[in-house]
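Asker: Supplied in structure tokens, the structure appears directly below.
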Amino acid sequence: MGTPFVWALGLLMLQMLLFVAGEQGTQDIADASERGLHMQKLGSGSVQAALAELVALPCLFTLQPQPSAARDAPRIKWTKVRTASGQRQDLPILVAKDNVVKVAKSWQGRVSLPSYPRRRANATLLLGPLRASDSGLYRCQVVRGIEDEQDLVPLEVTGVVFHYRSARDRYALTFAEAQEACRLSSAIIAAPRHLQAAFEDGFDNCDAGWLSDRTVRYPITQSRPGCYGDRSSLPGVRSYGRRNPQELYDVYCFARELGGEVFYVGPARRLTLAGARAQCRRQGAALASVGQLHLAWHEGLDQCDPGWLADGSVRYPIQTPRRRCGGPAPGVRTVYRFANRTGFPSPAERFDAYCFRAHHPTSQHGDLETPSSGDEGEILSAEGPPVRELEPTLEEEEVVTPDFQEPLVSSGEEEPLILEEKQESQQTLSPTPGDPMLASWPTGEVWLSTVAPSPSDMGAGTAASSHTEVAPTDPMPRRRGRFKGLNGRYFQQQEPEPGLQGGMEASAQPPTSEAAGNQMEPPLAMAVTEMLGSGQSRSPWADLTNEVDMPGAGSAGGKSSPEPWLWPPTMVPPSISGHSRAPVLELEKAEGPSARPATPDLFWSPLEATVSAPSPAPWEAFPVATSPDLPMMAMLRGPKEWMLPHPTPISTEANRVEAHGEATTTPPPSPAAETKVYSLPLSLTPTGQGGEAMPTTPESPGADFRETGETSPAQVNKAEHSSSSPWPSVNRNVAVGFVPTETATEPTGLRGISGSESGVLDTAESPTSGLQATVDEVQDPWPSVYSKGLGASSPSAPLGSPGVFLVPKVTPSLEPWVATDEGPTVNPMDSTVTLAPSDASGIWEPGSQVFEEAESTTLSPQVALDTSIVTPLTTLEQGDKVGVPAMSTLGSSSSQPHPEPEDQVETQGTSGASVPPHQSSPLGKPAVPPGTPTAASVGESASVSSGEPTVPWDPSSTLLPVTLGIEDFELEVLAGSPGVESFWEEVASGEEPALPGTPMKAGAEEVHSDPCENNPCLHGGTCNANGTMYGCSCDQGFAGENCEIDIDDCLCSPCENGGTCIDEVNGFVCLCLPSYGGSFCEKDTEGCDRGWHKFQGHCYRYFAHRRAWEDAERDCRRRSGHLTSVHSSEEHSFINSFGHENTWIGLNDRIVERDFQWTDNTGLQFENWRENQPDNFFAGGEDCVVMVAHESGRWNDVPCNYNLPYVCKKGTVLCGPPPAVENASLIGARKAKYNVHATVRYQCNEGFAQHHVATIRCRSNGKWDRPQIVCTKPRRSHRMRRHHHHHQHHHQHHHHKSRKERRKHKKHPTEDWEKDEGNFC
């Protein structure tokens, strides 16, 4: 039996071994074929992002399916393993497993895995708002079973926040000056999120400064006297709220990227400021700005040598604090001129220098920095997207839909994004819907550039495709902060409506141009603005704008080189051929006279613009590389002066091709205002051989305005233009005005200041008169280009010559006017300037009133503003202001044309009311006092049009040309209300007399003298003239029509820190509490012990542990204080802010019932009892007072044996030891320091009698009262001792002095306190 059993056992073991071996072999084969966990390592280098932004650190992996029996969810762990300085660190951030994410306490609220809930294989970490300390090396580790994969992602946070103080004084910058100071420091004004991020990294500065949202704030990490702000003793960013832009403060700036190197120059002999500039120039550099030095310090520069900077300040960067290098903390030190830390050193003083050398000086169009006028206006990612090694994909289901309203920025602040064309990017954006979502790294921004369809396509009626393009140019360095797309911002790829010919698709091909006929379609850049703010969510596709960046020249046919060309701002090719369409979102209006849809429909409408001319261009285009300073951004910063489309003198040949299109523009940003975008139908009619493009309006009796976007905060700059518009926006080198057209076919010779003649043209083919645009002044930034372009074919003066007028014609006609609501018709003005016939004609030119060859001139303009304030617009010389008469509207109705016998200027508005088309309004130069605050919210769009009847132009009644765009000018609401006549006064000063030979017409304004000539304002007031009226701006302390009233300066409580204001003649005086000084009690001269908080001259400390009232008072006395007393509502609020529990105070009536006293012996000056308190409820047992927390700290009397928290109070100024008194000593232990209001008592030594008061008190100024006590011996004892002495020595002193003599010569004892008379009051 034993043998069969052994055999059976052996067979069983063999089968088991074979089974195990088979299983092991199968597992080995599976492992060899594929792994279950694989991480996709990007290896794209360092991730860079700016301070206070969001960034995503990529971590992607793939998982192979496992047998159900062995399924195990992967475990994800993010860890920071190295700091920015390279020190090793092991700081856990979060762990995630099976859709459960646990975040470390120090990272809560700042990190998340946004894609993990939907896709477990995407562990991309979203981090932000970023701090400077977030820079370092991060590790993503994925573990499943025994498999372990990890990837390292370096993060670099760029940008630094710094405080800037004017050279004049502390708090010397208005909001506009603060923005300019930051700009000159190679920075922008910091946003609140920047300052908050800097504070969270330890930034502490007790100087209030402007921020981009017009608030004033400062960061405090350690509370100290004078720096409490609105947060009492708590750390945080203090805020003064939104302030008047004219108030004076310092500023906090944000410098984002260095873009070069800062190096120290320390020659053997130190340099003056001029010498430092020269020394830097000799080394191919320039003096570094303040922002550049801070960025260099942020990147590691450490130099303990003060050096000159570009703004005339002297500073030096310290990384490692050391002796004689400016303090214990790292930072950029500043050398001030005065002891109060103000003023820059004299330029003649000698220091070293810090120079800056740019890496690529030709690349000046990188990040766009726009100043903020309300909330943050910082432009992010103004350059193209960075190079990516992985092809990102956009999944179709993840495209944002129009009903998506979830905020995409966690900070809650508005943050416009500007997308522009990337210059020279060989990357192909090829969507593959099946791949994982990788489009969010390194950026989710879509870089769009639309190319218009050709005219042939449009003529054939086929749908032309618009596609995304990238224009090549010089290689640009990789810039920082290009990973904003990881925040989840996606931009919709909207399919066009049926019948529209627009669309977008990704492409890597550069823009092409049709060459054989020299036709070139200019590449366009799409500017997409995303506004995300509190209370309002904006879709990123709601504001799509087109602008011509590089117009081409030539005629149709063929292919051309893909090399881009760019024209200078004052030069536009005379022959523009092409047809482009681009979608613009419009708000559809009802067509009926009173119909109003309940819900406006949004639809896509194309913009069209075609301009063609048979003749080729008489000049040469030049590539971008020849003009590195040309702006490359496809974003208009507000309405600009428009330039003429032809560079050569006007030709009289009339070859007319009509082109239709729409062009819209928006005013510059304005705080506390809303901006609407409107589209204005515009057609361009080029005339002449050279193809002069003349802006016209379609033939119809009214103007049609369509609202093209949602109401947006006015600080966002937007501009929309037809893609082939021959009126591109330019810089201020060109000033364009409108003058009446002339009916003559020959040019009118005009002689300007320089004496050169210019041609003014109107063709005889146009029986309808209109407006002409004139170039008042053309500055020549590229003279060499002009010489090329003009050549011998120019029959008259070149374009760059001063005084040359180039006049394209504007055919003024209107489309039907349709209003959207019913309401009364409002006439804006009754008293107007009547345009009467006149034989004189000419064109108004700044500084010139010489007109030659007068011709019959006609004028019939209409200027309309699409806003509730309806106003005619005029153009002034740079530096002047435009006055706008305001008109309140009560509603709107469909206005019908009213035939008039003569043509008049019309103002119309659609925001609430409509005005009859033919209402007179004056044109002229208004009188606006300099320095008057303006409201820039007026003037959102303008249309120029005219009716059929014409009258001769009268230059006496129209002194200024009308323009379609205004730049660097301000609009001001002069007056106006419903039913109140608005005034628009025309003032002619001595420098601008009435035009010779032109009599004043009926209805024109008379010339008035200056009412401020004798300055009627008293006490230093400033006189502001407004026609015949004037107003006085009074200095502080005065009021009245002529500043004749001396008001109380103390009404505004100018004294700080509880100081008492005393009004005096022409000023005031502040009486400061102890430990404060200065003219406004703003200087803190004494502090508090550690753990104590100062308020109005006293130190307070809250103790949360509970004690009975007596024990609490005893503990406060042990700390040289008492239970707190309360003497004002401000002090009560301060004490009540400490805790949220009932708290003991020092008030009690333990000695005499109902006679409440403070334990520090101060008077009862303030009471804050609960209703029906004190009530002594326990019949004599309620002798102590408590602050009741749930009733705003009101008082109640309770028994003294309750155990409650308490607040101790003591003075900041302490008295030294009490003065010594002869024959007396102190009662109790003698201490080195005594609190304010402390009292001590003297007692006379044994055998001496006390006279006068025995106590003295420590005064609030730190000095003791003068002791009054006198200790003397009793007179009886003195007589007995004298008699005994006389009897004993009678025989020895026969010649003793008499009693009277002895008393006369007796020496009185000198008391100690008389020696220190100066120390007491």
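The backbone N, Cα and C atoms fix where each Cβ goes, and this holds for glycine too.
Quick paste of what Swiss-Prot says about this protein:
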{"type": "COMPBIAS", "residues": "1275-1308", "note": "compositional bias 'Basic residues'"}
{"type": "DISULFID", "residues": "C59-C140", "note": "disulfide bond"}
{"type": "DISULFID", "residues": "C206-C227", "note": "disulfide bond"}
{"type": "DISULFID", "residues": "C304-C325", "note": "disulfide bond"}
{"type": "DISULFID", "residues": "C1012-C1023", "note": "disulfide bond"}
{"type": "DISULFID", "residues": "C1034-C1043", "note": "disulfide bond"}
{"type": "DISULFID", "residues": "C1050-C1061", "note": "disulfide bond"}
{"type": "DISULFID", "residues": "C1055-C1070", "note": "disulfide bond"}
{"type": "DISULFID", "residues": "C1072-C1081", "note": "disulfide bond"}
{"type": "DISULFID", "residues": "C1088-C1099", "note": "disulfide bond"}
{"type": "DISULFID", "residues": "C1116-C1208", "note": "disulfide bond"}
{"type": "DISULFID", "residues": "C1215-C1258", "note": "disulfide bond"}
{"type": "DISULFID", "residues": "C1244-C1271", "note": "disulfide bond"}
{"type": "DOMAIN", "residues": "160-255", "note": "domain 'Link 1'"}
{"type": "DOMAIN", "residues": "1008-1044", "note": "domain 'EGF-like 1'"}
{"type": "DOMAIN", "residues": "1046-1082", "note": "domain 'EGF-like 2'"}
Asker: Counting each residue once, how many in the domain 'EGF-like 1' (1008-1044) are helix, strand and coil under DSSP?
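Answerer: The counts are 0 helix, 12 strand, 25 coil.
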Asker: Closest of the disulfide-bonded residues to C1208 (disulfide bond), Cα to Cα, picking from C1043, C1072, C1271?
Answerer: C1072
Asker: Note down the number of other Cβ atoms within 10 Å of the Cβ of C1034 (disulfide bond), including every protein chain shown.
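Answerer: Excluding its own Cβ, C1034 (disulfide bond) sees 21 Cβ atoms within 10 Å.
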Asker: Go through the disulfide-bonded residues C59, C1034, C1116 and tell me which ones have a CA within 10 A of the CA of C1023 (disulfide bond).
Answerer: C1034
Asker: For C1072 (disulfide bond), which residues of its chain lie six or more apart in sequence with Cβ-Cβ distance below 8 Å?
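Answerer: The answer is C1055, N1057, G1059, G1078, C1081.
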Asker: Among all chains shown, work out which of the disulfide-bonded residues C140, C325 has the most CB atoms within 10 A of its CB.
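Answerer: By the 10 Å Cβ neighbour count, C140 comes out on top.
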Asker: Suppose we draw a 10 Å sphere around the Cβ of C1050 (disulfide bond). How many other Cβ atoms does it contain, all chains included?
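Answerer: Result for C1050 (disulfide bond): 16 other Cβ atoms within 10 Å.
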Asker: Which site among C206, C1070, C1208 has the most other CB atoms no more than 10 Å from its CB, taking these as disulfide-bonded residues?
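Answerer: Result for the most crowded candidate: C1208.
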Asker: Using the structure shown, find which entry in C1023, C1271 (the disulfide-bonded residues) has the sparsest Cβ neighbourhood within 10 Å.
Answerer: C1023
Asker: Could you pull the average pLDDT for the domain 'Link 1' (160-255)?
Answerer: 94
Asker: Using only C-alpha positions, which one of C1034, C1043, C1244, C1271 is spatially nearest C1088 (disulfide bond)? These are the disulfide-bonded residues in the record.
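Answerer: So, spelling it out, the nearest of the disulfide-bonded residues is C1244.
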Asker: Secondary structure at C1116 (disulfide bond) (DSSP, helix/strand/coil)?
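Answerer: Looking at the DSSP assignment, C1116 (disulfide bond) belongs to a helix.
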Asker: DSSP helix, strand and coil counts for the domain 'EGF-like 2' (1046-1082)?
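Answerer: Secondary-structure composition of the domain 'EGF-like 2' (1046-1082): 4 helix, 13 strand, 20 coil.
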Asker: Using all protein chains in view, find how many other C-beta atoms are within 10 Å of the C-beta of C1055 (disulfide bond).
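Answerer: Around C1055 (disulfide bond), other Cβ atoms within 10 Å: 23.
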Asker: Using the alpha carbons only, what distance in Å do you get between C1099 (disulfide bond) and C1034 (disulfide bond) once rounded?
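Answerer: So the alpha carbons of C1099 (disulfide bond) and C1034 (disulfide bond) sit roughly 41 Å from each other.
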Asker: Restricting to the chain of C1061 (disulfide bond) and a gap of 6 or more, list residues whose Cβ falls under 8 Å of its Cβ, or answer none.
Answerer: D1049, C1050, S1053, P1054, C1055, F1068, V1069, C1070, L1071
Asker: When secondary structure is assigned with DSSP, how many helix, strand and coil residues does the domain 'Link 1' (160-255) contain?
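Answerer: Split by secondary structure, the domain 'Link 1' (160-255) comes out as 22 helix, 30 strand, 44 coil.
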